[in-house]
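J.: One structure, as structure tokens, below. Some questions next.
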């Protein structure tokens, strides 16, 4: 049986590597080892200078030091962790978790046999809890820098020439000039602006402003039905705002599988969030204490003007390389201002590499982290690896949404013969006992080999459950392989096992 699995997995691994997302290039591993020519000569020159202290940058810096490279990290924010830790992933999860607890206590305890009265929101305390989490984690990265002997330069970096970076110090730090044999650009991304709409972070806000509102708005309009928009919309809806999501596309959720997107719209709508899909924003301007918004439905060309207390602009992010001096060096960039690199993260100046949001691929913190490790390993050891078919994505609404691999739409477009297996959380014993059983797991497999191609789920703790699916895809597992693994009972993970069984043999046990 093992031999057949190995042969099947090897065959499908070759086939599946051709299914790269257009923006992502496959990481290639060199067979031969290189000499450690990346090491500095000991004259004050660094082996590695990482520009940017976000998830990709700080991880690259730590890994570089662990591999024996004399490393310095330059960060202009004043705190490490980048957008993710300071004004993104981490503070948003704090608000998502605490707003969910509040909403559950206020609206979902009576049926559980818990009588509660007098529940209210202390927004300032909720914001303090968020800020405390951020502060703890940012200081934790500084500790890791010291532990691993990574030097930390607080300031704004700009290339003087391909070997030299000028750093203008901030927060009392001195200006300095850094010479290094290798550079990694990890400057991340910034909020994508909407033409004609001015973000003041008070009435018209980006995700940054939405994390720090001083009061719960009565009405909030969210421009963009992607991950950021729906997460922040969920926070403020739970706290009492009337939230309307305006989405240009026919469906919400961006790149997620169509079936999961439909389930998400249905479930989130029941929570009180309104959706206006196939709708474009024509204008938005502050009018006294409110924002006047004009939109147009692209299906019937009907226009609508209304007032909202806060407008959140969440239409995505764009690479950030401002002031770095890349044009002076002649570093190649594409039309979207992304730095172009090869399979080893090298720009057209080979000793300058780039990772994360500043280059191609999904703008995800964990993708940047893996690229940071791979880029440093290419420098120090001559080989690195990131499997771009196995980058999971998670939306932390309730229920959570998570996916890895290709969607059913992508399988159709690629001409792949495939099978589908699904299993609803309403048939999962742990979800039922938790009274939290909305959603499903959907598995896509190669019809000829049973090899996993994609796993998509919406349901309780989906962000934690997707790890098993990602591991299975990484190692070329079949649906049968996962279905035959004993899963503890009662657990939410049994829903994954049952969906795998449905994909493999056509039938699950409990549905």
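Glycine is treated like the rest: Cβ placed from N, Cα and C.
The shown structure was predicted, so the numbers you read here are calculated from the model rather than taken from an experiment.
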J.: If I go by Swiss-Prot, which of 247, 294, 296, 304 binds NAD(+) at the same site as 224, 225, 226, 227, 228, 229, 230, 231, 281, 316?
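T.: Same NAD(+) site in Swiss-Prot: 247.
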J.: Using a Cβ-Cβ cut-off under 8 angstroms and a sequence gap of six or more, which residues of the chain neighbour residue 84 (FAD binding site)?
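T.: Those within reach of residue 84 (FAD binding site), by Cβ under 8 Å and sequence separation of 6 or more, are 54, 55, 90, 365.
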J.: DSSP on residue 75 (FAD binding site), three-state: which is it?
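T.: For residue 75 (FAD binding site) - judged by DSSP and reduced to three states - the answer is strand.
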J.: Least buried of the binding-site residues 78, 224, 226, 316, going by other Cβ atoms within 10 Å?
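T.: Among the binding-site residues 78, 224, 226, 316, the lowest count of other Cβ atoms within 10 Å belongs to 78.
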J.: Around residue 89 (disulfide bond), how many other C-beta atoms are within 10 angstroms of its C-beta?
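T.: Taking every protein chain into account, the count is 20.
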J.: Work out the three-state DSSP category of residue 365 (FAD binding site).
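T.: Its secondary structure by DSSP: helix.
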